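**Q** Dropping a structure here in C-alpha cells format, bear with me for questions.
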Amino acid sequence: MAGPSGKQTISITSTDTALALIPPRSLWRSINRLRANYDQAYEKWPPHINLVYPFVRPEVLPEAADRISSFLRDQQQQEQPSSDPLRVCLDSTGVFLRKHDNVIYRHDGSRQNCAEVAKLRERILGAVAGEGKGKVGGKPFQMHLTVGQSEGETTGSVHQFLLEKVGFLPNISWDVDRVYILVRERISSQGENGAPTSRMRVWGEISIPSGELSILPDERPYAFDLSGSPEEETTESQQPAYYFDDETLWTPLSSIHPESTAQVLRVASYNVLAEFDHPPSTSRYAHLIRTILSGPAMADILVLQEVTDHFLNHLLESDDIRSRFPFVSAAPPSQFDADPLPSFLNIVVLARHPFLSQTVPLGRRHKSALVCRFPDLLGGDDDNRKDVVVAGVHLSRGLTDGSVSSKKGDIARLVRYLDDDKRFPPQSSVCVVAGDFNLSTSRFTIDAAVEKGALSAHSAGQLASVDEILGEAGFADAWAAAAAAGLDDGGDDDRTENGAGEQGATYDPTVNEVAAAIVGSGYGMRPQRYDRVYVRGHHSVRVGGFNRFGMEKGGQTDSYASDHWGVRCVLDVCEKDPKLSDEIANLVVPVDFVPATGHLQNGLEQTLADLGVFPTDEDISHRKEALSLLKSVLLDESSSTTISSPLVVVPVGSYGLGVWTPSSDMDILCIGPFSASTFFSLATRRLRRSPDVRILRRVHANTGTMLELDVKGIKTDLQYCPATAVAEQWPRILRAPADHAVWALAASTLAKLKAARDMDYIKRSVPDLAVFRLAHRAVKTWAKRRGVYAARFGYLGGIQIALMLARVYKLLAASDEQITVEDLLVSFFEHYASFPFQTKMVFDPFFHKARLPYTRSPREPLAILGYFPPALNTTPAASPPSASTLAAEFRSAAALLRQPETTWSSFFGWSDGAAAFLAAHRSFAKISLQYWGMSLARGSRFVGWVESRCVGLLVDMARRTGPKITARMWPARFVEAPPLPRNSSSTEEEEEEEEEEEEERDYAGSYLIGLSRDDESAYSKEDMQLALGGLRTALARFEETMRADAKYFDPRTCWLAAEIVSSSELGHNLELDTREWGEYTPGEEEDDDTEDEDEDGDESGSGGDNDDPLEDGGVAGLSLIQKKKKNKKGKGKKDDAEQHFKLEPGKKLRSAADVMNRLRWDPALESASYVVGYEDRFVGAREKALDAWKTEQTDEEFIPQHRILYFRRVDGEVVWERRTRTDHVFGSGL
C-alpha cells in the first residue's frame, strides 16, 4: 500500500523500536529519583514521552528515519521559520488505569502545547505510515512521561500517596528541538534467575528544525547512553545540604566549610513512624517535634527514619526546628522548586553544621543509605581537622531467612562503600553508621521464630553477622562501648522480666502501646534493640555517653510519639589514643573466649529451673508487694501530711541487682537528710504501726545501725545513710564522676553508698543484663554446692561473683565475640582456673583505665576490686587457705567442663559438696560450740562471733604450718543428725514427749577445717611433726583467746573447744545445720534483752491484731518467729479482745516460757495472782511468786525455765502443768 507520496507504507507494529521526546539530561535527576523506585521500566527506558510506540521493525528503521528526516527538511523549506520553538512543560499529573496496575505520569497542562506535540506526531506518522489521524492501533494520543505504577484501587492509600508524591515534582520544561529513535537492545544475566532481558538505547536523533539525522555508533558504551545506568546513579555527585533563608526559603549551600570545629559531637537516630493511611494524620507530629527538641535528644547530627513528604513539610515549618538544625539533607517537597523524597519511607538528616549528602543504593528498591560528609568538623588546628561521615540506614524489617540475608548484604555493601580510602581517608575521617537496623535481639523471639519454622537455625546464627561485618571494618557499637564504661544513661533496663538480648531495647511493645498495636501478638511482643549507632574513629574519638529518648508520653492521645525510642551517642575528641594506660595494660590478665561445646551448648536454664534457682511469678509479685509496702510505711504515704525532705528507698544486694533466688533476703538502703538516730526512731514508730511488718532486732555494727525486719514473711535488712545532697539528686547523681563535689563525704557515708553505686555501675556496664543475671545465678549455685559461697569465711559472695563475672563478660564483648550465657560460663571458669590470684588482682579495666587507685598489701592473698571508694578490695576476709581453695575449685570446675560427656545437670549435681568435703580429708580441725542459754539473740551473737574469728584462725594456721599442710574450711556448721524415728509401737504421747525434748535440748554444732598434706614426698617426718605442732598451737591459742573474751563468751551458757580429730572420730551421722541463727558482723552489739522485749512487746500491743500480744516479745517471741519461718505457718491474725477468752486448740503443749510471758503481760490477767512451781536441784520441788521470777541469766537468782513444773493461781488452781500436760492458759496439750 502506498502513502500520499506514493511510497510504500511501513507497518507500525514493532515494540522493538520507538520514537520519543527525551528531556535534556540536566532535568533527569528529579524524575529518575522517583522512577528508580516506582517505575518498572526504569532500567529499560530513559525518561521519555513516546510519540510513536510501537514503531517500525528494526530492519526498516533506516528507511523510516530517512522518511522522517526528509519530511522535516521539506517542511522547513515549505513553511516560514517559527520564532517560537516547540516547548513542553510537565506541570501536571495524570493516571492511566490498566488491568493490573495504575500508571502515574507527568504531562503538560497546556492544551496548546499538547496540540503542538500531537500535530508533530501526526505529521511524522503520515510520513512513515501514510496515516494522519494521530492514532496508532485506534488509541488516541495522550502525551505523558511515566513516573511510576501503583497497585490496587485508585482510592487506596498506596495509590494516593504515590500520586501525591508525583504531584510534588517540580515543573520540568524544555524546548523540543529533536526527536529520538530508540531500539531495543538484548542483554542477559540481569533479569530474575539470570533470564535475558532488554533495554531501549538511542539509535539516532533527528533535528526538528533542520531534519538532520544523526545515527549513533553501535559500539557506544551503554554508560554514555541517554538512558543512563544503575551504576551511574550509584556514583551520583554529592549534593549540598539545604539551609533556610527567609527570602529564598530552603536553598542548597554554596559553601560547605564549617564556621568552627567541635570537640564534642552528638549523633542521634530516631525512627519517627510513618503514617500509612491517606490522608495522613497529624496528631503525633507536635509530640514528635517536642521529642526531637527535648534535652535527651539534643544533637549536632540527627538521622531520622520513616520520614514521609507530609511529615517533612510539617517538620520544616517549625521555627524551633529550623533554629536547632539550620541544615537538612532534603528541602520540604511542598516548596515549589524542591524534589519529593525518593521513597515513601525515607532517611533525612538534620544537622547544626553544613554537609554534603549522597544516596548509596543497597541493591533493592526503596533500600538505600544516606551518607553525609561534614568536612573539617572535628579537631583543633587546621592540620588535625577531621571529616565526619555519617551514614543513615533503615534495614529491612522482619525475621525470616530472606530478611536476614538482605540485612547482611546491605551492610556489606555499605561497608565496602565506606572502606574506599580514596573517598574517605581513614586517618582524616571519623565514620558513624546510625539508624534502624531492624535486627531482632531478643533470644526469646529468635528461638520462637526458629521453633515455628519462620527462621532457619542457620539464619538465626547469621543475625550476629551484621555486628561481625561492622566489627571487622573497625566499627564499635556505641551502646556496648558506653555500657562497658558505665556511660549508658538509657533508662530502666534492669527490669527482671527482660530476657537475654533485651537490654538497651529501643522497640518495646511490652511498654510502648504504639509498638504493641503494630506487633499485635506472638513472639514479636518482646523488647528489641533495633536502633543503633556504630562508630569508627581510628582512635580520634571515644564514646563519652549514650542514651535513649522519646520515652515520655504526650500528644493528643497521651501516648508515645513513635513505636521506637530514639538513641543518642556522645563522641569526645581524643587528643591521645584512648586505649588503656601501660600501667593498667600490664595489670590486666587477658580473657580468652572458650565456646561451650557438646551438651553444654544448651540446657543451662532448664537445669537451674529444676534446682529451684529462679523465683516464680508469685515470688516476684510477693517481693514487689513487700518492697512497695516497706516504701509506703517508711515514707508514710498514708498520712495526709507530706514531708518535703527527700527520702530515697533503694533495693541493693541480690534483689537490687536482680540475681536473687527464692531464699534470698532483701537488702534495703534508705538515703535521706536525717541523722541515723532520728531516722531509726521515726522508722521504728512507723514500722510498728504496720501489721505486715515485724521488727526482729536492731543491730549495732561497725558500719552503723541496721534493722532486721520481717516484711510480709520476707527477711529484710534495713540500713540508712545520711546524705542530703545525694538524696536530692537521686538517681541522676549516680552518673556524676567520682571527683564530683557531692561525693566529698565521710568514709563511713561512702561505705554505705558503695553498694548502690557499685550495683548501678554493674547494671549499666554489662553487655546484656539478662545474660549476666542468668550467669550470676549459675555461678552462685555452683559456689554454694561446692562450699565456696561465704564471703565472711574468705570465699565468694554475691558482689565478688558479680565483679568477677562482669569483668570477663565485658572483656569478651570488647573482642567482638557473640556470647551466649553458656559461652560466658565456660569462659569464666576457664579464665579463673588459670588466674594467678597470688600475683594479679581482679579488676575492671573499663572502669580503672588510667591508673589503679589501690596498692595491694603482701598480706592480702586475694584481691577482687570494686569500683567506688572507700574500700576497693571486696575480699578483706580472704586468707591463704580460702584463696587456695577457690583456685582449686575453679580448676576442678574447668576440668569437668572440658569433658565431652558433661552436661549442665551433671555439672551442678557434681556430688554433694559437704559429703565430698568430709570424704576428701582424713583429719580435721574441729571447732565445737554449744549454747544452752534462753536468749536466741545472744545465741546468734555467740555463733556469729565464733564465725568472725575463724578467718583469723585460718591465717594463723597457714602462718604456723606454711605450705606443708593445706587447710580448707567448710562455710557452714555441722550437727549430728537426729535419731531415727521410734517404731510404730510407741505411743503417740511418747512420740510427742520425744519431740518436745528434742526441741528443748541444748544446741551443739561444729565447724570443720579439712587438713591435707600438700606433698608428702616434699617434706621430712620432722617437718611434718613441726607443722602438726604449729597447728595444735594455733588451735590452742584460738580456744584460749575465745574463752577469754567475756563480752561474748559466758561459760554459764556456752562452751567452745578446738581440736584435731580424725575422720573416724567424726562419726557418720553429721549433717549441715539448717537452724537460722542470723548473720553477724564483727563488732555488732544488739540492744539488751529487756530493751528488745520492750520494743517487740510494744510492737505487738500497738498492732492490735496478733494472735497473742506476747508471741512477738522476748525469748518466746523469737522462738516462734524461727518456727514460723521454718514451717511457713502463722499467717492468720485475730483481734486481741478475742484472744483473752478463746483458747487455742492443739495437742502440743505450749512451753513454760510462753505461759510465763502471757501471765505476766496479758492485761486481762493479774501476774500477782500466780505462783511458779519448779524443781530445785538439791531440795526438790519449790514454789516462787511469778513476779519474783528472774529471767535475766546474769541474775544470781536465775533459774532455767526447763525446770518449771507448773503454774497455779494463789487459790490453788493449777493452770499449766508439764507432767499432766495441762494447759488452761492456751488450751494446748490434752
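Heads up, the Cβ atoms here are built off N, Cα and C, so glycines get one too.
Grabbed the feature section from TrEMBL, which reads as follows:
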type	residues	note
COMPBIAS	987-1001	compositional bias 'Acidic residues'
COMPBIAS	1082-1111	compositional bias 'Acidic residues'
COMPBIAS	1122-1132	compositional bias 'Basic residues'
DOMAIN	268-564	domain 'Endonuclease/exonuclease/phosphatase'
DOMAIN	600-721	domain 'Poly(A) polymerase nucleotidyltransferase'
DOMAIN	771-837	domain 'Poly(A) polymerase central'
DOMAIN	1149-1218	domain 'MJ1316 RNA cyclic group end recognition'
REGION	487-507	region 'Disordered'
REGION	978-1003	region 'Disordered'
REGION	1072-1114	region 'Disordered'
REGION	1121-1140	region 'Disordered'
**Q** Under 8 angstroms, Cβ to Cβ: which one of 600-721, 771-837, 1149-1218 has the largest number of such pairs with the domain 'Endonuclease/exonuclease/phosphatase' (268-564)?
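**A** When the Cβ pairs under 8 Å are tallied, 771-837 comes out ahead.
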**Q** Quick check on the domain 'MJ1316 RNA cyclic group end recognition' (1149-1218): DSSP residue counts for helix, strand, coil, in that order please.
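**A** Per-class counts: 19 helix, 23 strand, 28 coil.
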**Q** Reported in the order helix, strand, coil, what are the DSSP residue counts of the domain 'Poly(A) polymerase nucleotidyltransferase' (600-721)?
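**A** Summed over the domain 'Poly(A) polymerase nucleotidyltransferase' (600-721), the classes give 47 helix, 37 strand, 38 coil.
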**Q** Within the domain 'Poly(A) polymerase central' (771-837), count helix residues (DSSP H, G, I), strand residues (E, B) and coil residues, in that order.
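**A** Here the numbers are 48 helix, 2 strand, 17 coil.
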**Q** What average pLDDT is reported by the model for the domain 'Endonuclease/exonuclease/phosphatase' (268-564)?
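**A** Averaged over the domain 'Endonuclease/exonuclease/phosphatase' (268-564), per-residue pLDDT gives 88.
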